[in-house]
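Record features, source Swiss-Prot:
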type: ACT_SITE; residues: 271; note: active site, proton acceptor
type: BINDING; residues: 101, 103, 104, 123, 135, 136, 193, 200, 281; note: ATP binding site
type: BINDING; residues: 272, 281; note: Mg(2+) binding site
(Lines of atoms letter the chains of each structure in order from A; the text may use other names.)
(Lines give C-alpha, C1' and ligand atoms only; values in the text may rest on other atoms or scores of the structure.)
Protein backbone atom coordinates (compact mmCIF):
# COMPACT_ATOMS: atom_id res chain seq x y z
CA UNK A 1 0.00 0.00 0.00
CA UNK A 2 1.27 3.47 -0.92
CA UNK A 3 2.39 5.76 1.88
CA UNK A 4 -0.38 8.13 2.96
CA UNK A 5 0.51 11.54 4.35
CA UNK A 6 -2.12 12.76 6.80
CA UNK A 7 -1.86 16.26 8.26
CA UNK A 8 -4.87 16.67 10.53
CA UNK A 9 -4.71 20.40 11.15
CA UNK A 10 -8.35 20.85 12.15
CA UNK A 11 -7.99 18.74 15.29
CA UNK A 12 -4.38 19.75 15.89
CA UNK A 13 -4.91 23.51 15.85
CA UNK A 14 -8.49 24.02 17.02
CA UNK A 15 -9.88 23.30 20.52
CA UNK A 16 -11.39 19.84 20.97
CA UNK A 17 -13.96 18.32 23.28
CA UNK A 18 -12.27 17.13 26.50
CA UNK A 19 -14.93 14.45 27.05
CA UNK A 20 -14.80 11.12 25.27
CA UNK A 21 -18.41 10.25 26.05
CA UNK A 22 -19.77 9.31 22.63
CA UNK A 23 -23.43 10.03 23.18
CA UNK A 24 -25.60 12.97 22.09
CA UNK A 25 -25.00 16.05 24.25
CA UNK A 26 -24.20 19.74 24.14
CA UNK A 27 -20.53 20.45 23.46
CA UNK A 28 -19.11 23.82 24.49
CA UNK A 29 -15.79 25.58 23.89
CA UNK A 30 -14.77 23.04 21.26
CA UNK A 31 -14.99 22.56 17.50
CA UNK A 32 -14.65 18.79 17.43
CA UNK A 33 -15.01 15.58 19.37
CA UNK A 34 -12.89 12.48 18.97
CA UNK A 35 -15.13 9.59 17.93
CA UNK A 36 -14.80 6.01 16.76
CA UNK A 37 -16.83 4.82 13.76
CA UNK A 38 -19.24 2.00 14.55
CA UNK A 39 -18.16 -1.40 13.18
CA UNK A 40 -20.41 -2.98 10.55
CA UNK A 41 -20.97 -6.72 9.99
CA UNK A 42 -20.43 -7.24 6.24
CA UNK A 43 -18.77 -4.33 4.45
CA UNK A 44 -18.85 -4.52 0.67
CA UNK A 45 -17.41 -1.89 -1.67
CA UNK A 46 -20.05 -1.54 -4.38
CA UNK A 47 -18.98 1.68 -6.15
CA UNK A 48 -15.99 4.00 -6.33
CA UNK A 49 -14.73 7.01 -8.26
CA UNK A 50 -11.46 6.54 -10.13
CA UNK A 51 -11.02 10.31 -10.46
CA UNK A 52 -11.33 10.92 -6.72
CA UNK A 53 -9.01 8.03 -5.93
CA UNK A 54 -6.44 9.59 -8.26
CA UNK A 55 -6.73 12.91 -6.40
CA UNK A 56 -5.70 11.04 -3.27
CA UNK A 57 -2.91 9.09 -4.94
CA UNK A 58 -4.78 5.80 -4.58
CA UNK A 59 -5.56 3.19 -7.24
CA UNK A 60 -8.92 1.46 -7.49
CA UNK A 61 -7.10 -1.81 -6.85
CA UNK A 62 -5.82 -0.42 -3.54
CA UNK A 63 -9.33 0.69 -2.57
CA UNK A 64 -10.49 -2.90 -2.87
CA UNK A 65 -7.86 -4.17 -0.45
CA UNK A 66 -9.19 -5.27 2.97
CA UNK A 67 -7.44 -2.43 4.83
CA UNK A 68 -9.07 0.23 2.67
CA UNK A 69 -12.50 -1.43 2.72
CA UNK A 70 -12.23 -1.54 6.51
CA UNK A 71 -11.36 2.16 6.66
CA UNK A 72 -14.16 3.14 4.28
CA UNK A 73 -16.72 1.17 6.28
CA UNK A 74 -15.67 2.31 9.75
CA UNK A 75 -14.19 -1.07 10.65
CA UNK A 76 -10.58 0.09 10.87
CA UNK A 77 -8.15 2.96 10.50
CA UNK A 78 -5.13 3.46 8.30
CA UNK A 79 -1.93 4.98 9.68
CA UNK A 80 -2.39 8.69 10.21
CA UNK A 81 -6.17 8.64 10.46
CA UNK A 82 -7.67 10.22 13.57
CA UNK A 83 -11.49 10.23 13.40
CA UNK A 84 -13.52 13.18 14.65
CA UNK A 85 -16.91 14.85 14.33
CA UNK A 86 -17.32 18.63 14.31
CA UNK A 87 -19.54 21.00 16.25
CA UNK A 88 -21.64 23.65 14.51
CA UNK A 89 -25.06 25.26 14.59
CA UNK A 90 -27.36 26.71 11.99
CA UNK A 91 -30.61 28.23 10.85
CA UNK A 92 -33.02 25.56 9.63
CA UNK A 93 -35.88 26.80 7.46
CA UNK A 94 -35.18 30.32 8.70
CA UNK A 95 -35.13 29.54 12.43
CA UNK A 96 -32.11 29.26 14.69
CA UNK A 97 -31.74 25.60 15.64
CA UNK A 98 -28.88 25.80 18.13
CA UNK A 99 -26.20 23.12 18.17
CA UNK A 100 -26.37 20.69 15.25
CA UNK A 101 -22.98 19.25 14.29
CA UNK A 102 -21.88 16.14 12.43
CA UNK A 103 -24.67 13.82 13.50
CA UNK A 104 -23.51 10.94 11.34
CA UNK A 105 -20.49 12.31 9.51
CA UNK A 106 -17.12 11.23 10.86
CA UNK A 107 -13.96 12.67 9.36
CA UNK A 108 -11.02 10.28 9.11
CA UNK A 109 -8.38 12.94 8.57
CA UNK A 110 -6.79 15.34 6.11
CA UNK A 111 -4.79 13.59 3.39
CA UNK A 112 -2.08 15.51 1.53
CA UNK A 113 -1.30 14.51 -2.06
CA UNK A 114 0.48 16.61 -4.68
CA UNK A 115 0.47 19.51 -2.20
CA UNK A 116 -3.34 19.50 -2.04
CA UNK A 117 -5.36 18.83 1.10
CA UNK A 118 -8.33 16.45 1.03
CA UNK A 119 -10.46 15.71 4.06
CA UNK A 120 -11.99 12.22 4.04
CA UNK A 121 -15.36 11.97 5.73
CA UNK A 122 -17.59 8.95 6.26
CA UNK A 123 -21.32 9.62 6.13
CA UNK A 124 -23.38 7.04 7.99
CA UNK A 125 -20.63 5.62 10.20
CA UNK A 126 -22.41 5.80 13.55
CA UNK A 127 -23.39 7.94 16.51
CA UNK A 128 -21.47 11.07 17.51
CA UNK A 129 -22.09 13.60 20.30
CA UNK A 130 -24.06 15.55 17.67
CA UNK A 131 -26.46 12.81 16.59
CA UNK A 132 -29.35 14.14 18.69
CA UNK A 133 -32.10 11.53 18.29
CA UNK A 134 -30.54 9.87 15.24
CA UNK A 135 -28.68 6.57 14.97
CA UNK A 136 -25.77 7.99 12.98
CA UNK A 137 -26.43 5.58 10.14
CA UNK A 138 -27.35 6.07 6.48
CA UNK A 139 -29.34 3.90 4.11
CA UNK A 140 -28.44 2.65 0.65
CA UNK A 141 -31.10 4.81 -1.00
CA UNK A 142 -29.71 8.14 0.19
CA UNK A 143 -26.10 6.99 -0.08
CA UNK A 144 -26.44 6.13 -3.77
CA UNK A 145 -27.98 9.55 -4.35
CA UNK A 146 -25.10 11.30 -2.56
CA UNK A 147 -22.43 9.25 -4.32
CA UNK A 148 -23.83 9.78 -7.81
CA UNK A 149 -24.71 13.43 -7.38
CA UNK A 150 -21.32 14.40 -5.97
CA UNK A 151 -19.62 13.06 -9.08
CA UNK A 152 -22.32 14.19 -11.53
CA UNK A 153 -22.02 17.76 -10.29
CA UNK A 154 -18.24 17.71 -10.63
CA UNK A 155 -18.42 16.56 -14.23
CA UNK A 156 -21.04 19.22 -14.97
CA UNK A 157 -18.53 21.81 -13.77
CA UNK A 158 -20.42 22.72 -10.59
CA UNK A 159 -18.33 23.25 -7.42
CA UNK A 160 -19.00 20.31 -5.12
CA UNK A 161 -17.73 17.94 -2.50
CA UNK A 162 -16.65 14.65 -4.09
CA UNK A 163 -17.41 10.99 -3.38
CA UNK A 164 -14.67 8.37 -3.19
CA UNK A 165 -16.61 5.24 -2.36
CA UNK A 166 -19.92 3.62 -1.56
CA UNK A 167 -19.90 0.72 0.88
CA UNK A 168 -22.77 -1.58 1.77
CA UNK A 169 -22.65 -2.35 5.50
CA UNK A 170 -24.68 -5.56 5.75
CA UNK A 171 -27.03 -3.91 8.26
CA UNK A 172 -30.75 -3.23 8.05
CA UNK A 173 -31.72 0.28 9.18
CA UNK A 174 -35.19 1.42 10.22
CA UNK A 175 -36.35 4.54 8.35
CA UNK A 176 -39.68 6.34 7.99
CA UNK A 177 -39.11 7.68 4.48
CA UNK A 178 -41.93 10.25 4.49
CA UNK A 179 -42.38 10.68 8.25
CA UNK A 180 -45.89 9.26 7.97
CA UNK A 181 -45.67 6.60 10.66
CA UNK A 182 -44.71 3.77 8.30
CA UNK A 183 -41.08 2.89 9.04
CA UNK A 184 -39.41 0.14 7.04
CA UNK A 185 -36.07 -1.59 7.15
CA UNK A 186 -33.60 -0.53 4.46
CA UNK A 187 -30.04 -1.65 3.65
CA UNK A 188 -27.35 0.39 5.42
CA UNK A 189 -24.52 2.08 3.51
CA UNK A 190 -21.64 4.52 3.97
CA UNK A 191 -20.31 7.12 1.53
CA UNK A 192 -16.79 8.46 1.85
CA UNK A 193 -16.98 12.04 0.73
CA UNK A 194 -13.97 14.19 0.02
CA UNK A 195 -13.35 17.96 0.04
CA UNK A 196 -10.54 20.40 0.80
CA UNK A 197 -12.64 21.55 3.76
CA UNK A 198 -15.99 20.71 5.30
CA UNK A 199 -16.23 23.98 7.25
CA UNK A 200 -19.75 25.40 7.06
CA UNK A 201 -21.38 28.74 7.81
CA UNK A 202 -22.78 27.10 10.94
CA UNK A 203 -19.30 26.51 12.35
CA UNK A 204 -18.99 30.29 12.77
CA UNK A 205 -22.55 30.85 13.89
CA UNK A 206 -22.55 28.61 16.95
CA UNK A 207 -19.68 30.26 18.86
CA UNK A 208 -21.08 33.67 17.91
CA UNK A 209 -24.50 32.77 19.30
CA UNK A 210 -22.90 31.42 22.46
CA UNK A 211 -20.71 34.46 22.98
CA UNK A 212 -17.53 32.40 22.57
CA UNK A 213 -15.57 35.21 20.93
CA UNK A 214 -12.11 33.72 21.45
CA UNK A 215 -13.27 30.50 19.83
CA UNK A 216 -14.75 32.35 16.86
CA UNK A 217 -11.58 34.38 16.34
CA UNK A 218 -9.57 31.18 16.34
CA UNK A 219 -11.79 29.62 13.69
CA UNK A 220 -11.69 32.66 11.42
CA UNK A 221 -7.90 32.84 11.51
CA UNK A 222 -7.56 29.08 11.07
CA UNK A 223 -9.93 29.01 8.09
CA UNK A 224 -8.14 31.83 6.31
CA UNK A 225 -4.72 30.31 6.98
CA UNK A 226 -5.59 26.75 5.96
CA UNK A 227 -8.31 27.13 3.34
CA UNK A 228 -7.53 30.58 1.87
CA UNK A 229 -3.71 30.68 1.98
CA UNK A 230 -3.58 33.12 -0.96
CA UNK A 231 -4.97 35.77 1.40
CA UNK A 232 -2.01 35.53 3.77
CA UNK A 233 -0.30 38.41 1.95
CA UNK A 234 -3.22 40.72 2.70
CA UNK A 235 -2.65 43.24 5.51
CA UNK A 236 -4.10 41.96 8.76
CA UNK A 237 -6.40 44.99 8.96
CA UNK A 238 -8.30 44.02 5.81
CA UNK A 239 -7.69 40.27 5.55
CA UNK A 240 -10.96 39.21 7.16
CA UNK A 241 -13.03 41.55 5.03
CA UNK A 242 -11.38 40.35 1.83
CA UNK A 243 -11.99 36.79 2.95
CA UNK A 244 -15.70 37.35 3.59
CA UNK A 245 -16.04 39.04 0.20
CA UNK A 246 -14.46 35.99 -1.41
CA UNK A 247 -16.95 33.72 0.37
CA UNK A 248 -19.76 35.90 -0.97
CA UNK A 249 -18.36 35.79 -4.51
CA UNK A 250 -17.91 32.01 -4.62
CA UNK A 251 -21.39 31.51 -3.15
CA UNK A 252 -22.89 33.76 -5.83
CA UNK A 253 -21.11 31.82 -8.56
CA UNK A 254 -22.39 28.57 -7.09
CA UNK A 255 -25.98 29.80 -7.29
CA UNK A 256 -25.50 30.65 -10.96
CA UNK A 257 -24.15 27.16 -11.63
CA UNK A 258 -27.10 25.52 -9.86
CA UNK A 259 -29.44 27.60 -12.00
CA UNK A 260 -27.57 26.72 -15.19
CA UNK A 261 -28.02 22.97 -14.79
CA UNK A 262 -31.42 23.04 -13.05
CA UNK A 263 -30.24 21.71 -9.69
CA UNK A 264 -32.37 22.22 -6.58
CA UNK A 265 -30.61 21.51 -3.28
CA UNK A 266 -33.78 21.13 -1.27
CA UNK A 267 -32.51 22.10 2.19
CA UNK A 268 -30.37 25.26 2.09
CA UNK A 269 -30.02 25.68 5.83
CA UNK A 270 -26.98 27.67 6.95
CA UNK A 271 -25.36 24.49 8.25
CA UNK A 272 -25.50 23.14 4.69
CA UNK A 273 -23.51 26.05 3.24
CA UNK A 274 -19.82 25.49 2.50
CA UNK A 275 -17.32 28.23 3.31
CA UNK A 276 -15.56 27.29 0.05
CA UNK A 277 -18.65 27.75 -2.09
CA UNK A 278 -19.07 24.02 -2.70
CA UNK A 279 -22.32 22.11 -3.02
CA UNK A 280 -22.49 20.12 0.19
CA UNK A 281 -24.93 17.66 1.79
CA UNK A 282 -26.90 15.90 -0.92
CA UNK A 283 -30.19 15.10 0.79
CA UNK A 284 -33.61 15.74 -0.77
CA UNK A 285 -32.11 17.36 -3.87
CA UNK A 286 -33.55 17.10 -7.36
CA UNK A 287 -33.12 18.18 -10.94
CA UNK A 288 -35.76 20.32 -12.60
CA UNK A 289 -37.64 18.27 -15.18
CA UNK A 290 -40.44 20.52 -16.46
CA UNK A 291 -39.25 24.08 -15.90
CA UNK A 292 -40.82 25.45 -12.73
CA UNK A 293 -39.28 28.19 -10.60
CA UNK A 294 -41.53 27.14 -7.71
CA UNK A 295 -40.50 23.48 -7.74
CA UNK A 296 -38.93 21.89 -4.70
CA UNK A 297 -38.08 18.19 -4.35
CA UNK A 298 -38.36 18.34 -0.55
CA UNK A 299 -41.72 17.27 0.89
CA UNK A 300 -40.89 19.17 4.09
CA UNK A 301 -40.81 22.38 2.03
CA UNK A 302 -43.81 21.62 -0.18
CA UNK A 303 -46.02 24.23 1.46
CA UNK A 304 -43.59 27.05 2.23
CA UNK A 305 -41.39 26.63 -0.88
CA UNK A 306 -38.57 28.37 0.98
CA UNK A 307 -35.90 26.45 -0.90
CA UNK A 308 -37.60 26.14 -4.30
CA UNK A 309 -35.65 26.47 -7.57
CA UNK A 310 -36.26 30.17 -8.12
CA UNK A 311 -35.53 31.24 -4.54
CA UNK A 312 -32.11 29.62 -4.13
CA UNK A 313 -30.06 32.76 -4.90
CA UNK A 314 -32.09 34.85 -2.45
CA UNK A 315 -31.71 32.19 0.23
CA UNK A 316 -27.95 32.05 -0.34
CA UNK A 317 -27.83 35.80 0.21
CA UNK A 318 -29.92 35.47 3.39
CA UNK A 319 -27.54 32.80 4.63
CA UNK A 320 -24.56 35.07 3.95
CA UNK A 321 -26.25 37.78 5.97
CA UNK A 322 -26.53 35.36 8.89
CA UNK A 323 -22.83 34.54 8.49
CA UNK A 324 -22.05 38.26 8.45
CA UNK A 325 -24.00 38.69 11.69
CA UNK A 326 -21.91 35.97 13.30
CA UNK A 327 -18.64 37.46 12.08
CA UNK A 328 -19.82 40.89 13.14
CA UNK A 329 -19.66 39.83 16.78
CA UNK A 330 -15.85 39.91 16.55
CA UNK A 331 -15.27 42.20 13.53
CA UNK A 332 -15.73 45.85 14.39
CA UNK A 333 -15.80 47.06 10.78
CA UNK A 334 -19.34 46.12 9.83
CA UNK A 335 -19.13 48.19 6.66
CA UNK A 336 -16.69 45.72 5.18
CA UNK A 337 -19.18 42.92 5.84
CA UNK A 338 -21.87 44.93 4.05
CA UNK A 339 -19.46 45.30 1.14
CA UNK A 340 -19.24 41.52 0.98
CA UNK A 341 -23.02 41.24 0.58
CA UNK A 342 -22.83 43.87 -2.16
CA UNK A 343 -20.17 41.74 -3.86
CA UNK A 344 -22.64 38.85 -3.82
CA UNK A 345 -25.25 41.00 -5.57
CA UNK A 346 -22.82 42.32 -8.18
CA UNK A 347 -21.24 38.95 -8.86
CA UNK A 348 -24.57 37.16 -9.12
CA UNK A 349 -25.96 39.72 -11.57
CA UNK A 350 -22.87 39.64 -13.78
CA UNK A 351 -22.41 35.88 -13.73
CA UNK A 352 -26.11 35.20 -14.24
CA UNK A 353 -26.21 37.42 -17.32
CA UNK A 354 -23.11 35.76 -18.76
CA UNK A 355 -24.50 32.30 -18.04
CA UNK A 356 -27.86 33.00 -19.67
CA UNK A 357 -26.15 34.46 -22.72
CA UNK A 358 -24.07 31.30 -23.01
CA UNK A 359 -27.09 28.99 -22.64
CA UNK A 360 -28.88 30.91 -25.37
CA UNK A 361 -25.88 31.08 -27.69
CA UNK A 362 -25.30 34.81 -27.51
CA UNK A 363 -21.81 36.26 -27.48
CA UNK A 364 -22.76 38.89 -24.92
CA UNK A 365 -25.66 39.95 -22.75
CA UNK A 366 -27.54 43.11 -23.65
CA UNK A 367 -29.86 44.96 -21.23
CA UNK A 368 -32.86 44.37 -23.49
CA UNK A 369 -32.28 40.60 -23.33
CA UNK A 370 -34.04 40.46 -19.95
CA UNK A 371 -37.44 40.81 -21.61
CA UNK A 372 -36.77 37.91 -24.00
CA UNK A 373 -35.48 35.67 -21.20
CA UNK A 374 -38.32 36.47 -18.81
CA UNK A 375 -40.82 35.71 -21.55
CA UNK A 376 -39.09 32.39 -22.19
CA UNK A 377 -39.20 31.43 -18.52
CA UNK A 378 -42.92 32.22 -18.40
CA UNK A 379 -43.60 30.08 -21.46
CA UNK A 380 -41.45 27.18 -20.28
CA UNK A 381 -43.32 27.10 -16.98
CA UNK A 382 -46.81 27.51 -18.43
CA UNK A 383 -46.31 24.87 -21.12
CA UNK A 384 -44.50 22.29 -18.92
CA UNK A 385 -41.33 22.12 -20.99
CA UNK A 386 -38.34 20.00 -20.01
CA UNK A 387 -35.54 22.41 -19.09
CA UNK A 388 -32.57 20.21 -20.00
CA UNK A 389 -34.00 19.02 -23.32
CA UNK A 390 -35.20 22.46 -24.37
CA UNK A 391 -31.86 24.21 -24.00
CA UNK A 392 -29.97 21.35 -25.63
CA UNK A 393 -32.41 21.25 -28.57
CA UNK A 394 -32.29 25.03 -28.95
CA UNK A 395 -28.80 24.67 -30.41
CA UNK A 396 -30.35 22.69 -33.30
CA UNK A 397 -32.72 25.47 -34.34
CA UNK A 398 -31.95 26.98 -37.75
CA UNK A 399 -32.27 30.66 -36.87
CA UNK A 400 -32.54 31.60 -40.55
CA UNK A 401 -35.79 29.59 -40.71
CA UNK A 402 -36.88 28.83 -37.10
CA UNK A 403 -39.10 25.79 -36.70
CA UNK A 404 -40.74 24.99 -33.36
CA UNK A 405 -41.03 21.28 -34.17
CA UNK A 406 -37.30 20.97 -33.47
CA UNK A 407 -38.19 21.59 -29.82
CA UNK A 408 -41.42 19.57 -29.71
CA UNK A 409 -40.04 16.56 -27.84
CA UNK A 410 -39.10 18.82 -24.91
CA UNK A 411 -42.80 19.35 -24.16
CA UNK A 412 -44.46 17.01 -21.66
CA UNK A 413 -48.02 17.51 -22.89
CA UNK A 414 -49.24 17.70 -26.47
CA UNK A 415 -52.23 19.83 -25.48
CA UNK A 416 -50.00 22.46 -23.90
CA UNK A 417 -47.72 22.37 -26.94
CA UNK A 418 -50.69 23.17 -29.17
CA UNK A 419 -52.05 25.78 -26.77
CA UNK A 420 -48.77 27.68 -26.52
CA UNK A 421 -47.52 27.09 -30.06
CA UNK A 422 -48.29 30.63 -31.32
CA UNK A 423 -46.56 32.27 -28.35
CA UNK A 424 -43.54 29.97 -28.61
CA UNK A 425 -43.31 30.55 -32.35
CA UNK A 426 -43.25 34.29 -31.79
CA UNK A 427 -40.60 33.91 -29.09
CA UNK A 428 -38.50 31.71 -31.36
CA UNK A 429 -38.73 34.31 -34.12
CA UNK A 430 -37.56 37.05 -31.76
CA UNK A 431 -34.81 34.81 -30.43
CA UNK A 432 -33.60 33.99 -33.93
CA UNK A 433 -33.42 37.67 -34.81
CA UNK A 434 -31.35 38.26 -31.68
CA UNK A 435 -28.93 35.48 -32.66
CA UNK A 436 -28.67 36.72 -36.26
CA UNK A 437 -27.84 40.23 -35.04
CA UNK A 438 -24.48 38.93 -33.80
CA UNK A 439 -23.54 37.27 -37.08
CA UNK A 440 -22.14 34.13 -35.47
CA UNK A 441 -21.71 31.01 -37.59
CA UNK A 442 -24.35 28.36 -36.74
CA UNK A 443 -21.76 25.69 -35.94
CA UNK A 444 -19.91 28.07 -33.63
CA UNK A 445 -23.10 29.01 -31.82
CA UNK A 446 -24.15 25.37 -31.40
CA UNK A 447 -20.73 24.35 -30.10
CA UNK A 448 -20.77 27.12 -27.52
CA UNK A 449 -24.27 26.23 -26.36
CA UNK A 450 -23.44 22.54 -26.09
CA UNK A 451 -20.59 23.34 -23.71
CA UNK A 452 -23.00 24.72 -21.09
CA UNK A 453 -26.26 22.86 -21.83
CA UNK A 454 -25.83 19.21 -20.81
CA UNK A 455 -27.35 16.21 -22.53
CA UNK A 456 -27.28 14.12 -19.36
CA UNK A 457 -28.11 15.14 -15.81
CA UNK A 458 -28.87 12.95 -12.80
CA UNK A 459 -32.60 13.01 -13.35
CA UNK A 460 -34.53 11.95 -10.29
CA UNK A 461 -36.09 8.92 -11.98
CA UNK A 462 -32.70 7.70 -13.24
CA UNK A 463 -31.35 7.76 -9.69
CA UNK A 464 -34.43 5.91 -8.45
CA UNK A 465 -34.06 3.19 -11.09
CA UNK A 466 -30.49 2.61 -9.93
CA UNK A 467 -31.64 2.51 -6.30
CA UNK A 468 -34.38 -0.01 -7.11
CA UNK A 469 -31.83 -2.27 -8.81
CA UNK A 470 -29.32 -1.94 -5.96
CA UNK A 471 -31.93 -2.83 -3.36
CA UNK A 472 -32.38 -6.08 -5.31
CA UNK A 473 -28.64 -6.75 -5.19
CA UNK A 474 -27.73 -5.43 -8.65
CA UNK A 475 -25.05 -2.75 -8.31
CA UNK A 476 -23.88 -2.61 -11.93
CA UNK A 477 -26.36 0.16 -12.88
CA UNK A 478 -24.57 2.50 -10.44
CA UNK A 479 -21.35 2.21 -12.44
CA UNK A 480 -23.21 2.39 -15.76
CA UNK A 481 -25.01 5.61 -14.85
CA UNK A 482 -21.85 7.14 -13.40
CA UNK A 483 -20.01 6.37 -16.65
CA UNK A 484 -22.61 8.30 -18.66
CA UNK A 485 -22.57 11.22 -16.21
CA UNK A 486 -18.79 11.54 -16.62
CA UNK A 487 -19.37 13.14 -20.04
CA UNK A 488 -22.58 15.13 -19.60
CA UNK A 489 -22.03 17.46 -22.56
CA UNK A 490 -21.21 14.78 -25.15
CA UNK A 491 -23.80 12.78 -27.10
CA UNK A 492 -22.94 9.16 -26.30
CA UNK A 493 -23.86 6.43 -28.77
CA UNK A 494 -26.29 3.91 -27.32
CA UNK A 495 -26.99 6.05 -24.23
CA UNK A 496 -30.14 7.74 -25.51
CA UNK A 497 -32.19 6.26 -22.66
CA UNK A 498 -30.30 8.46 -20.20
CA UNK A 499 -31.26 11.63 -22.09
CA UNK A 500 -35.04 11.21 -22.05
CA UNK A 501 -37.46 13.47 -20.25
CA UNK A 502 -39.22 12.15 -17.16
CA UNK A 503 -41.61 9.29 -18.04
CA UNK A 504 -45.25 9.52 -16.97
CA UNK A 505 -44.84 6.74 -14.38
CA UNK A 506 -42.29 8.85 -12.52
CA UNK A 507 -44.35 12.04 -12.32
CA UNK A 508 -45.58 11.40 -8.78
CA UNK A 509 -43.49 8.38 -7.77
CA UNK A 510 -41.68 8.67 -4.41
CA UNK A 511 -38.00 9.20 -5.04
CA UNK A 512 -38.65 10.62 -8.51
CA UNK A 513 -40.68 13.74 -7.75
CA UNK A 514 -41.07 13.70 -3.97
CA UNK A 515 -38.22 13.31 -1.51
CA UNK A 516 -37.71 13.86 2.17
CA UNK A 517 -34.81 14.47 4.51
CA UNK A 518 -35.04 10.82 5.58
CA UNK A 519 -31.73 9.12 4.88
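Using N, Cα and C of the backbone, Cβ positions are placed for all residues, glycine too.
Looking at 135, 271, 281, the recorded positions in this record, the fewest other C-beta atoms within 10 angstroms of the C-beta turn up around 135. Within 10 Å of the residue listed as 'active site, proton acceptor', judged by CA to CA distance, lie the following binding-site residues from the set 101, 104, 135, 193: 101. A 10 Å cutoff on Cβ-Cβ distances gives residue 101 (ATP binding site) a total of 26 other Cβ atoms nearby, all chains included. Classification of residue 193 (ATP binding site) by DSSP places it within a strand. Counting neighbouring Cβ atoms within 10 Å of each of the binding-site residues (104, 193), the lowest count belongs to 104. Counting in whole angstrom, residue 104 (ATP binding site) lies 14 from residue 272 (Mg(2+) binding site) by their C-alpha atoms. Put simply, residue 272 (Mg(2+) binding site) is 11 Å from residue 101 (ATP binding site) when counted between their Cα atoms.
Within 10 Å of the C-beta atom of residue 272 (Mg(2+) binding site) sit 22 other C-beta atoms, taking all shown protein chains into account. Residue 272 (Mg(2+) binding site) sits 6 Å from residue 281 (ATP binding site), taking the C-alpha atoms as the reference points.
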